Amino acid sequence: MANKNEAAQLSAETIKMLIDQSHEVKKHSHCPYSKFRVGSALLTVDNRVITGCNVENACFYLGFCAERNAIAKAVSEGSKKFKAIAIASDMTDQFISPCGACRQYMREFGTNWRVFLSKPDGSYLERTLEDLLPVSFGPEDPFRPRVSQ
């Protein structure tokens, strides 16, 4: 996971590039049912950008969110440590935010990386995963001491 210092070192240009790429990739969304396009641009600790978009399915449960798409692609390419992710949609009245499933999926890879929630005009809010999913259940929890059966 990226530490707070790594994440804090993101330049304004890097943030803008991530947001721009998240808006660009949303154009590839497959969303014939909801018509709700979402894109994401994930920045790895080695400064690679992995993008993802939402992919819906007629069996709604089988759809795939943009954030999970980008993370799965990154993991399949050998990256499991992230600095930031930018998320984009077409909503103009509020910032896009990851769903609960995506927040938990993101949590698997740490809590201190930055999450940029954006609008089509390029404006954004910056949060950490800890902000979005406080008191979370993470990869260390299944191994914590517990009552024996």
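The count begins at 1 with the first shown residue.
Using N, Cα and C of the backbone, Cβ positions are placed for all residues, glycine too.
Predicted, not measured: the structure shown is a model, and the values here were computed from it.
The domain 'CMP/dCMP-type deaminase' annotation in TrEMBL covers 13-140. Sequence annotations record features per position, and here TrEMBL assigns Zn(2+) binding site to Cys65, Cys99, Cys102. Feature annotation from TrEMBL assigns active site, proton donor to Glu67.
When the binding-site residues Cys65, Cys99, Cys102 are compared by the number of other CB atoms within 10 angstroms of each CB, Cys99 has the fewest. Around the Cβ of Glu67 (active site, proton donor), the same chain contributes Ser40, Leu42, Gly52, Ile85, Ile87, Pro98, Cys102, Tyr105, Met106, each under 8 angstroms and 6 or more positions distant in sequence. In this model, the domain 'CMP/dCMP-type deaminase' (13-140) carries an average pLDDT of 97. Broken down with DSSP, the domain 'CMP/dCMP-type deaminase' (13-140) shows 42 helix, 33 strand, 53 coil.
Other than the site residues Cys65, Cys99, Cys102, same-chain residues with C-beta atoms no more than 8 angstroms from the centre of those residues' C-beta atoms, the Zn(2+) site, are Ala66, Glu67, Arg68, Pro98, Gly100, Ala101, Arg103, Tyr105.
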